[in-house]
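Just below is one structure, and these are the notes that go with it.
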């Protein structure tokens, strides 16, 4: 008897499975009425035409920084060494950030002859000023010259974005404020923080515009961004400087380890210029510090920041010859793995 019952249960299972399988149809197996449902879902997609107002092969120029990327107790001797040897570098995480958004990179070697440097600037659709320590000397002067040239391009009608991070934020603040002493000391080295959106801020046209609402909430409640700087600007001092307050809107602030508030994200009111005191590139691409956030939410912050950078660069109509671009791309250089040495960056491009 039990065998008979077992047989019936198997038979019932097989019939149910067959019916279930038969309920799954390919488009060619359904009737005319049902086929209309599939037609409404566009099973025969039409590829959209390219937008003539967008550049689908954007190139980002990244300015090199003096030195080899090492960051330790010998900082002052490293500064002297860097300037004496003419060595410069780019942390590979900045390159990967641009590539994540769909762009290629051309290194802008800061101590090359100015004529060559500005020839390369004509090959790119946007510029990144990276983190580092060089706030004086040739490096500062080169950042200022490039920034002024970029502003001329924008004033002439060319959309040319700037992305400035950490040191880049600080130097732009010094340049625009016309005050090299504008920076203040903060206890904000090597730690993760939240971002607090500034009062009455409108995030439209900012890096945060396309962030999902849930991620925007988490930015203010969780430690999703990496801070690594000794200097910054308080909101009061920022707003108290007429040049800064007329050029930039404060988008976010953050607090250091002593709960002192500093400006952490700014966006130009008129130009495609965004500056971060924090490091959007580190979450996904740097592993040397245990403080760097690597959660899925933190990685999304990096991805959205990269997408924004490149979406701005796509608006640039600068389209130089392919041959000139290819011969200057960073693919012509080899990165050096330096993470095992305890460097501040896992991977760097070194230029000698």
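Glycine residues also receive a Cβ, built from the backbone N, Cα and C atoms like all the rest.
For reference, Swiss-Prot has these:
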{"type": "ACT_SITE", "residues": "166", "note": "active site, nucleophile"}
{"type": "ACT_SITE", "residues": "279", "note": "active site"}
{"type": "DOMAIN", "residues": "49-352", "note": "domain 'Gamma-glutamyl hydrolase'"}
{"type": "SIGNAL", "residues": "1-19", "note": "signal peptide"}
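Cα to Cα, residue 166 (active site, nucleophile) and the residue listed as 'active site' are separated by 7 Å.
Other C-beta atoms found within 10 angstroms of the C-beta of residue 279 (active site) number 25, with every protein chain shown included. Counting every protein chain shown, 25 other Cβ atoms lie within 10 Å of the Cβ of residue 166 (active site, nucleophile).
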